[in-house]
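Novice: Sequence annotations record features per position, and here Swiss-Prot assigns heme b b562 binding site to HIS83, HIS182 based on similarity to another entry. What Swiss-Prot lists as heme b b566 binding site is HIS97, HIS196, and the listing cites similarity to another entry. Residues or ranges marked as ubiquinone binding site in Swiss-Prot: HIS201. According to Swiss-Prot, the feature transmembrane segment maps to 33-53, 77-98, 113-133, 178-198, 226-246, 288-308, 320-340, 347-367.
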Amino acid sequence: MTNIRKTHPLMKIINSSFIDLPAPSNISSWWNFGSLLGVCLIIQILTGLFLAMHYTSDTMTAFSSVTHICRDVNYGWLIRYLHANGASMFFICLFLHVGRGLYYGSYMFLETWNIGVLLLFAVMATAFMGYVLPWGQMSFRGATVITNLLSAIPYIGSDLVEWIWGGFSVDKATLTRFFAFHFILPFIIAALAGVHLLFLHETGSNNPSGLSSDADKIPFHPYYTIKDILGVLLLILILTSLVLFSPDMLGDPDNYTPANPLNTPPHIKPEWYFLFAYAILRSIPNKLGGVLALVLSILVLAIIPLLHTSKQRSMMFRPFSQCLFWLLVADLITLTWIGGQPVEHPFIIIGQLASILYFSLILVLMPITSLLENNLLKW
């Protein structure tokens, strides 16, 4: 009798994706982040669903409803902080996943990579709208500042902003539609993740060496299921430690003040995972230029496959490219730090230099270094 997992229409999809999938024998723990992102998404959808049962998307009651969740709902505080810190874990895994793709040349799988970039945009949009929902001071200011950026679009800008707001300022209509979008987007992300996986399984996984692993494959189960479970346990350990010991560490104290249009907080800043892009936005003294730089800071990922000039796929055997890669990582950490600082003397110039370095590394220095390495290796 043939095994049901290989014949049943539904089971055979699961079987070919997670059980009998031929995987390279040498993929390291950097390949764990795909499954961790899946776990993060499931955690976010489940906790979000339970939060939505108690949340009200009305400007008069939104802040109170979040307080009610934390005070009166059984384990509401736990659900709320799992959701808030789960978003941080989601972005940590995302950044590491993208960094892995850059380092090992996974971007050569064009369809998989482009859907990944689309997923990154979708997750960022979802996180931004989620931050608006508690209707604290920083929620309100963030919504106003970020939506206002669209007014930099020539001719249609101001009309577009009012259309998104549903009025002449960020108000009840804005909050209601943000809640609707915040609810639906994770399901779109889940569908996109399925397509992401579909395209990945067309080619098979990359591996640290960047060479073809067709001659040396092992089944996904039990080898990588066990390996992924270890990663998931570590993720849950870090997330629960964060939630139970310092749930507000990554948040902003201003968001515990109800939104007040008449009172502006001294420093408006987004959540930590947007600070690098926010620093790039602020480093350009022109509104339209800043908005373009902000979008390009993420969109630049889509053109990375076109900038691949090396004859080797991975950076594993390319020490000069490795140096530039880690310089890029350091630069992104610097930008994240600058994004959280006030706009005054030393920080402005540091932010501008870090922004220039960010684009220079990706668009100019890394492709040139790859060409140089080709010559050094007589390729």
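Going from the start of the chain as shown, residues are counted 1 onward.
Cβ coordinates come from backbone N, Cα and C, glycine included.
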Novice: How far is it from HIS97 (heme b b566 binding site) to HIS201 (ubiquinone binding site), counting Cα to Cα, in Å?
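Specialist: Cα-Cα distance, HIS97 (heme b b566 binding site) to HIS201 (ubiquinone binding site): 17 Å.
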Novice: Long-range same-chain neighbours of HIS182 (heme b b562 binding site), Cβ under 8 Å, sequence gap at least 6?
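Specialist: GLY48, THR126, MET129, GLY130, LEU133 - these are the non-local Cβ neighbours of HIS182 (heme b b562 binding site), listed in sequence order.
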Novice: Can you give me the Cα-Cα distance between the residue listed as 'ubiquinone binding site' and HIS83 (heme b b562 binding site) in Å, rounded to a whole number?
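Specialist: HIS83 (heme b b562 binding site) has its Cα 30 Å from the Cα of the residue listed as 'ubiquinone binding site'.
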Novice: Go through the chain and flag residues at least 6 beyond the ends of the transmembrane segment (288-308) whose CB is under 8 A from any CB in it; none is fine as an answer.
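Specialist: Apart from its flanks, the transmembrane segment (288-308) reaches 98, 102, 105, 107-108, 110, 113-114, 117, 120-121, 124, 149-150, 152-154, 276-278, 280-282, 355, 358-359, 362-363, 366-367, 370.
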Novice: Below 8 Å Cβ to Cβ and six or more residues apart, same chain only. Which residues does that give for HIS196 (heme b b566 binding site)?
Specialist: THR112, ILE115, GLY116, LEU119
Novice: Near HIS83 (heme b b562 binding site), which residues of its own chain have a C-beta under 8 A away, given they sit six or more steps off in sequence?
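Specialist: GLN44, THR47, GLY48, LEU51 - these are the non-local Cβ neighbours of HIS83 (heme b b562 binding site), listed in sequence order.
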Novice: With Cβ-Cβ distances below 8 Å as the criterion, list the same-chain residues six or more beyond the ends of the transmembrane segment (226-246) that contact it, or say none.
Specialist: 29, 32-33, 35-36, 39-40, 43, 78, 81-82, 85-86, 88-89, 93
Novice: If you count every Cβ pair below 8 Å, which range out of 33-53, 77-98, 320-340 shares the most with the transmembrane segment (347-367)?
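Specialist: Ranked by Cβ pairs under 8 Å, first place goes to 320-340.
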